[in-house]
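Database features (TrEMBL):
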| type | residues | note |
| --- | --- | --- |
| BINDING | A:36, A:38, A:88, A:91 | Zn(2+) binding site |
């Protein structure tokens with residue numbers, strides 16, 4: 001049984017009590033969240049966000065570089081003016097190197113090794129340093145609006161708490 | 001007042017009832033969701049997913065290409081074997097062209113125009129066709145595991161419902 005077979009039933013249940021059909025695209029809080037794809041994280045729940053409040057961009061690690069295309073659209077076309085970037089404890093990105101994943105892909109696929117070697121998986125070695133470095137990168141990026149409020153956070157998967165580190 | 005000032009309070013409330021600290025990184029449902037960053041979408045809520053169930057990758061549009069780095073990590077290092085890709089009605093990506101956004105960036109920033117012109121914003125012109133095309137791209141991509149179950153969906157921001165289109 002595939003996981004997606006439950007989607008229609010869950011969605012019908014959600015739709016029965018749905019009162020958000022009037023919302024427009026621009027986020028009410030003018031806020032964009034960047035966080036990890038990690039299955040243990042429910043950003044709306046742990047940050048108290050409702051439908052309509054904020055853009056939520058998620059990728060492996062909560063990497064700022066990987067979020068840039070989305071952030072440009074969020075700011076220039078949909079009016080957000082604040083970015084909160086989260087990484088989290090026990091993140092997979094702390095446990096491997098791009099080189100290691102390149103060698104897995106070379107052994108498991110027929111893709112040309114040069115193409116594989118070009119993929120930067122954006123792993124990191126120190127959690128708080130990675131948050132600070134991503135916040136700095138966003139603040140200095142000329143494609144990000146200069147007036148943007150950028151903050152950096154750690155989410156603790158063990159406790160459900162957040163702490164601000166930048 | 002910045003939006004992030006409420007995070008610690010919301011997070012403390014969430015942490016008080018927190019019972020998920022034992023969960024490990026690999027998603028229980030071996031499932032990766034790709035969906036849009038749109039503020040109106042709460043994928044966990046509308047798909048009935050709990051913390052620990054699925055990787056959730058979100059970017060402007062729910063673009064497969066932009067999710068590839070994350071999907072490789074999700075599959076090769078964290079064991080997911082199914083991808084469900086969502087786009088949604090009233091998506092911002094239906095309303096502009098990369099060329100239009102390039103000209104906004106050229107007028108609003110000092111970034112070199114050649115660098116700007118290289119950014120593909122991955123907009124689309126037809127919602128269902130874009131879902132089908134992204135699903136096809138994933139199914140044919142040699143960096144995605146061949147045995148992956150890939151499905152494509154539309155989420156309706158007006159009703160809270162989903163429908164499968166691929």
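Using N, Cα and C of the backbone, Cβ positions are placed for all residues, glycine too.
Proximity to chain B (CB-CB distance below 8 Å) holds for A:38 among the binding-site residues A:36, A:38, A:88. Secondary structure at residue A:36 (Zn(2+) binding site), as computed by DSSP, is strand. Residue A:91 (Zn(2+) binding site) is surrounded by 22 other CB atoms, counting those within 10 A of its CB over all protein chains shown. Considering only the binding-site residues A:38, A:88, the Cβ with the fewest other Cβ atoms within 10 Å is that of A:88.
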